[in-house]
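Presented below is the structure to which this report refers.
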Amino acid sequence: MATLILIRHGQSIYNLENRFTGSLDIGLTALGAKEAQWAGQKLVGYTFDFAYTSTLKRAQESLRIILEEIHQNNIPIILDKALNERDYGSLQGLNKDETIAKYGLKQVEIWRRSYAIRPPNGESLEDTFKRTIPFYQHAIEPQLKLDQTILIVAHGNSLRALVMYLEHISPEHISNLNIPTGIPKKYVFDANLKVLQVNYL
Ligand SMILES: O=C(O)[C@@H](CO)OP(=O)(O)O
């Protein structure tokens, strides 16, 4: 049966420092690399046909560690910026607590978790959805229709957009959904790509 595994990259240096990361190309911490290894250990027994990741090194490095753990580094890997993290614009690099102190919790929560409102000079989740989902529909859904097993290693917000699409979550409800780093989420589909099963591994 068609199977899709989603994994958010392991902890990055900016995750650790509590900074807005977005489209900045920030590497993993030692814990982040460990998280990727643990994610790989949960995938022993799965055989992937394709892996997809973003053009950012924290996701690519996580994918490399995961595939190494399951001895599947030789599968085709597709890198695409459609899977990149949402561009946080002028907030990128800023500490999240300092930003709250400056602009207030309410404003920062709107920038971080509203669907349609953009952070200054950045992308909203809606903007992210509009690039991530067409790519998923065009590149990945046809493979799932062939009953393949696909791995996507990406980012907090590009994965929130994907989960929104896969689980039919409304813009009102998506603000409550956060994706943990390094925990594989599994979807099993029927022949029409209706989700039959969804669970964290
Ligand atoms: O900083 C970021 O790019 C993202 C993901 O780490 O943060 P947030 O969870 O605030 O959207």
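Placed from the backbone N, Cα and C atoms, the Cβ positions cover glycine too.
Per TrEMBL, the features are:
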type     : residues                                           : note
ACT_SITE : His9                                               : active site, tele-phosphohistidine intermediate
ACT_SITE : Glu85                                              : active site, proton donor/acceptor
BINDING  : 8-15, 21-22, Arg58, 85-88, Lys96, 112-113, 156-157 : substrate binding site
SITE     : His155                                             : site 'Transition state stabilizer'
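Sequence features, as recorded in TrEMBL, placed on the structure.
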residue : record                             : DSSP class
Arg8    : substrate binding site             : strand
Tyr14   : substrate binding site             : helix
Gly22   : substrate binding site             : coil
Glu85   : active site, proton donor/acceptor : coil
Lys96   : substrate binding site             : helix
His155  : site 'Transition state stabilizer' : coil
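Note on the binding-site residues Gly22, Gly156: the fewest other CB atoms within 10 A surround the CB of Gly156.
Screening the recorded positions Arg8, His9, Gln11, Gly22 for a C-beta under 6 A from any atom of ligand 1 leaves Gly22.
Ranked by CA distance from His155 (site 'Transition state stabilizer'), the binding-site residues Arg8, Gln11, Tyr14, Arg86 have Arg8 at the top as the closest. In this structure, the C-alpha atom of Arg86 (substrate binding site) lies 14 angstrom from that of the residue listed as 'active site, tele-phosphohistidine intermediate'. Note on proximity: of the recorded positions Gly22, Glu85, Lys96, Gly156, the one nearest the residue listed as 'active site, tele-phosphohistidine intermediate' is Gly156, by Cα distance. A gap of 7 Å separates the Cα atoms of Gly156 (substrate binding site) and the residue listed as 'active site, proton donor/acceptor'. Of the listed recorded positions, namely Arg8, His9, Arg86, Lys96, His155, the sparsest CB environment within 10 A is found at Lys96. Residue environment of the residue listed as 'active site, proton donor/acceptor' contains 28 other Cβ atoms, counted within 10 Å of its Cβ in all protein chains. Of the recorded residues, Lys96 (substrate binding site) and Glu85 (active site, proton donor/acceptor) place their C-alpha atoms 16 Å from one another.
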